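According to TrEMBL:
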{"type": "DOMAIN", "residues": "24-456", "note": "domain 'Major facilitator superfamily (MFS) profile'"}
{"type": "TRANSMEM", "residues": "24-47", "note": "transmembrane segment"}
{"type": "TRANSMEM", "residues": "59-80", "note": "transmembrane segment"}
{"type": "TRANSMEM", "residues": "92-116", "note": "transmembrane segment"}
{"type": "TRANSMEM", "residues": "122-143", "note": "transmembrane segment"}
{"type": "TRANSMEM", "residues": "178-200", "note": "transmembrane segment"}
{"type": "TRANSMEM", "residues": "250-269", "note": "transmembrane segment"}
{"type": "TRANSMEM", "residues": "289-308", "note": "transmembrane segment"}
{"type": "TRANSMEM", "residues": "336-355", "note": "transmembrane segment"}
{"type": "TRANSMEM", "residues": "361-385", "note": "transmembrane segment"}
{"type": "TRANSMEM", "residues": "397-418", "note": "transmembrane segment"}
{"type": "TRANSMEM", "residues": "430-451", "note": "transmembrane segment"}
Amino acid sequence: MSQVPSCVLTFEHDPRQWSKWRRWMIALVIWNLIAPIDVASTFYSGMQQQIQDHFKTSAFIATLGVGFYNFGSILGPLIGAPLSELYGRRPVYIGSSVGFVFFSMCAALSPTIVSLLSCRALAGLIGSAVFSLYGGSLADMFAPDERGPLIALFTVVLQGAPTIGPVPASFLGTFVHWRWLMGFITVWGAMITAAVMFLPETEPSAIRRRLDKEHEEVGTLKVSGATQEQPNVWSKALMTPITMLRHEPIVLWTALYHAFVYGLLFLLLEAYPHVYNSHYDMSREQAGLVFIAPWVGNLLGVLVYFQYLKPQYKARQRAIYIQSGGKREIEPEGRLPGVILASLFTPVGMFWFAFSAHPDVHWFLPVLSGVPVGMGMTLLQLSLLNYYIDLYPTRSASVVAANCAVRNIAATIFPSAGVPLYNCLGIRNASLLLACISSVGFPSGVILLVFGKRLRAASRWAKQDVVDVDVSCLNVGIVAPLLAQAPENHYGGTSTSN
């Protein structure tokens, strides 16, 4: 059991004091809920050709099935977060999973392309709400020093699920009808939803409200206060991320770069079939199997982070703490080596792809270029989100929410831009353009490393050099895969503390 009790609940009602087996089972149910919702964003790509032929529509219209799903995911986390603060995590998990299953089923049965695209958008909107909850759920049940294996596990599914999504759909799409493939996602989600129905509430405030109601201890003053607080919860959840983007250059620039790297995966959903069909005469289904390479890169990126970068960071953190006699903490810039390393892997992979994708070169060589691309994507996600948490200790939830919104905008647009870009510039030139843009991250990371202290000093919310804060009773509540810090009470951009 956790040695760090909740600040809100008594010992017997504290989720951190539940048995280890029970807490792990709850975490695994949430992990399995995220998997189909995340996979569904790119699983569609593997059956896209079937859908295009079935509805006799254009490739551009068929591609919108990926973009619309990501478009719904822009708002889903921002809506789910304040709902979880008002009503607890369990109702949002149930509503999100049921809504995802329902609209996935509607998509599988859609009689027209319009209804299919609409149901995909609604499935993304409702299903993506879980991405604003899992971080808080882990913080509810596990102390920071217990979360290491769970962090790695959740990172693998969050990064690897959309990357590997096209592979099974492409393989099965050669002999299974697309409606059955969409039905598979529906059945998968329904099986997990059945388990979600039995999840207990883990959010401390929601448990406290339930206990107060059971003991009839809710006073008139408490109820009116909660009612007055609801509009404030929604305004903070929706407006604080936008405020951070407007007034914090670090947030805006890093979010734009991360959005490009994240959107690159969705652009390659269309670019890979185009390139491998042009040069190697591969079908769309065969080209979908190429995504095994970036998925392997995702796994290697997780290993590099947890086996090399994180131990290095902890060693430096201990050294600074000892040298200062406990008066100093490591700077937020201590996370930037991971960002800089990630910004090298992605352009290396894209330059590799640009120069190796040629009819005279065996197809296996350009396929391998996806490995460093996948590593760069994962390392950037892990390092950047932890940089946000360190840099904005009181606004990290809002910054992460802003980052998620911006990168989902890119994921909405990029799939439809892939083939026109490659047709306009040519295969090599288009890949070189993408490689050059992805190279911007390296000098940007170096600039942040060198001038980060000065930029922080000019910020209203950024952490300054001397911070003596007792964080033993804080609580996290947003979508950061790395939850290695003591929790703060944040939900999708809202904060219960001033």
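Using N, Cα and C of the backbone, Cβ positions are placed for all residues, glycine too.
Mean pLDDT, taken over the domain 'Major facilitator superfamily (MFS) profile' (24-456), works out to 88 on the 0 to 100 scale. When the stretches 59-80, 178-200, 336-355, 361-385 are ranked by Cβ pairs under 8 Å to the transmembrane segment (92-116), first place goes to 178-200. At the 8 Å Cβ threshold, with sequence separation of at least 6, the transmembrane segment (361-385) comes into contact with the transmembrane segment (250-269) through 3 or more pairs.
Between the transmembrane segment (430-451) and the listed ranges 59-80, 122-143, 250-269, 336-355, 397-418, the one holding the most Cβ pairs under 8 Å is 336-355.
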